[in-house]
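Undergrad: One structure is given below, represented as structure tokens, and several questions about it will come after.
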Amino acid sequence: MGDFNLALVIVAVVVSVVVLLVSVYLLVNYQHPDDANQAYFPKLVVVLGLTVAVLSILMLPADVANRQACRKAVYNGACSLTLPMKTLWLVVYIVDAVLVFLVIPFAMFYYEGDQDKSVGKRLRTALIWVVASAVVCGLVLGILYGLVGKVDFTVRHLSSSIETFPNSFSGFSSGQPCISSLPRQCAASTAPSSSLTTWTMRATFPEYVVALTTIVGSVLFTIFGGVGIACLPLGLIFSFVRRPKAVITRSQYIKEATELGKKARELKKAAEALHQEERSGNKGRKWRKNVKAVEKELLLLEDDMKALEEMYPQGEQAEATWAFTVLGYIGKLIFGVVGLIISIAWVAHIIIYLLIDPPLSSFLNEVFIKLDGVWGLLGTAAFAFFCFYLLIAVIAGEMMLGLKLVFITIHPMKWGGTLMNSFLFNVGLILLCSISVIQFCATAFAYYAQATAAQEIFGHTLQSLRGIKYLYKYNVFQYGFVALAILTLFYYAIFGWRKRKPTGRFQLSN
């Protein structure tokens, strides 16, 4: 037993190092060339944020393995080498909250500050914003914790009188399982409703911070994740449907390139006008709206340029380039179909296990348990994959809504072309939603992850917090998640197969 527990600790350390290296790899390959050899502090925040987010997802499978390491222990000392999961959960999520609400905003304010100002002024401006945010958050947390930071557990109060221990057990039966002469006096299942009572205790402050952060993340997760769980696979499938069927002629290429050139000049002129307004200090609501509109049009222009290059490959390897383009769209179709199966499995699991009471089936819980029976880590790997899929769906949903809704800022992630502000925004979104993903998975896979430290935090304390428990009691987030997934499905069924039409001449709103 001790050897197995020590091996679990060693695996946890090795995995943490690997995750850190992968985070550095993603940063190096996704960063924009303009950020090379500079912006070191935002890069450090990005690496730390990605590492914490990935480790938080992997901690739930580790929590399950940690529980299994102790399932045959007959005394507490046999589990002395296991991971202190509850402490690790609280540490990771306190770090998560600090990154999301303090460090990442500071890095974004500093990175997006006026480049004409000195470093000291940019640091001072960013620090003022972050301190003000910290004071407000601290006051809100302190007031809420003082007023409603309590946990209300519903318990059944049972009591009995003292009875003499019997000399014979022959009189016991299913109808009389107790020592008392009164029938079923000791059976909790038949206790009257009046025996139910509320046991109130104050939650610890770290648990309360995790709970409120989870609520904020759950709102974003419900919106972006619900949309993303449908648009992620359907976007790939309809990308194949709208793919270029053949190479266009040179005259068509020149015509389309000329139109894109005109659009690029219009956007450049609009961007210069906005820069002049910024320098003059005129940065009101209309200015911010126009900036987001320009960013959206610029992103669509880049997509149009990429599509045009795909339809008219050039150079000596034009035929090979076209062949790889065709294979790329086939790959999108394959991944889209696989993703659609996973999305359907997720939505079906939520409905039959969480929304229907009592559950029709434990569904994916049983699948993971059977996979563990085939090979020890197979179920754990599948479980981790389903959790990661939800995080990817959140990013996909944010991208889709950002293109459709002007009031949502677009922060695209592109290989070799991602600026640090987009990196920081998406890392913050991943961190914030990772808490909710873990809570969501701990609830959805409660049978598979039973008796874990995550269940104690997310399954008992969180769902019993005063004022918050009703959101989980009535499955508000689960219903919202499924509803948005179904609405997104209908949207793609009606509009997904259509090609995007040119938007025409771009003008700033007056």
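Quick reminder: no glycine exception, Cβ is built from N, Cα and C everywhere.
Unlike curated entries, TrEMBL annotations are predicted automatically.
Pulled these from TrEMBL:
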type	residues	note
TRANSMEM	6-28	transmembrane segment
TRANSMEM	40-62	transmembrane segment
TRANSMEM	90-111	transmembrane segment
TRANSMEM	123-148	transmembrane segment
TRANSMEM	208-241	transmembrane segment
COILED	257-311	coiled coil
TRANSMEM	333-356	transmembrane segment
TRANSMEM	376-403	transmembrane segment
TRANSMEM	423-448	transmembrane segment
TRANSMEM	476-495	transmembrane segment
Undergrad: Do at least three CB pairs under 8 A connect the transmembrane segment (423-448) and the transmembrane segment (333-356), leaving out pairs fewer than 6 apart in sequence?
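TA: In this chain the transmembrane segment (333-356) contacts the transmembrane segment (423-448) - 3 or more Cβ pairs sit under 8 Å.
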Undergrad: Output the single range from 40-62, 208-241, 476-495 maximising the number of Cβ pairs under 8 Å to the transmembrane segment (90-111).
TA: 40-62
Undergrad: Taking 40-62, 123-148, 376-403, 476-495 as candidates, which has the most Cβ pairs under 8 Å with the transmembrane segment (208-241)?
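TA: Looking at each of 40-62, 123-148, 376-403, 476-495 in turn, the most contacts to the transmembrane segment (208-241) are made by 376-403.
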Undergrad: Decide whether the stretches the transmembrane segment (376-403) and the transmembrane segment (123-148) have at least 3 CB pairs under 8 angstroms, with pairs required to be 6 or more apart in sequence.
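TA: The answer is no, given that the two segments have fewer than 3 Cβ pairs within the 8 Å cut-off.
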Undergrad: Under a Cβ pair cut-off of under 8 Å, which of the recorded stretches 40-62, 123-148, 476-495 contacts the transmembrane segment (423-448) most often?
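TA: The stretch with the most contacts is 40-62.
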Undergrad: At a C-beta cut-off of under 8 Å, are there same-chain residues at least 6 beyond the transmembrane segment (123-148) that contact it? List them, or none.
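TA: Cβ under 8 Å, 6 or more out: 101-102, 105-107, 109-110, 113, 117, 205, 208-209, 212, 465-467.
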Undergrad: Just to confirm my parser: what is the rounded mean pLDDT across the coiled coil (257-311)?
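TA: Result for the coiled coil (257-311): average pLDDT 79.
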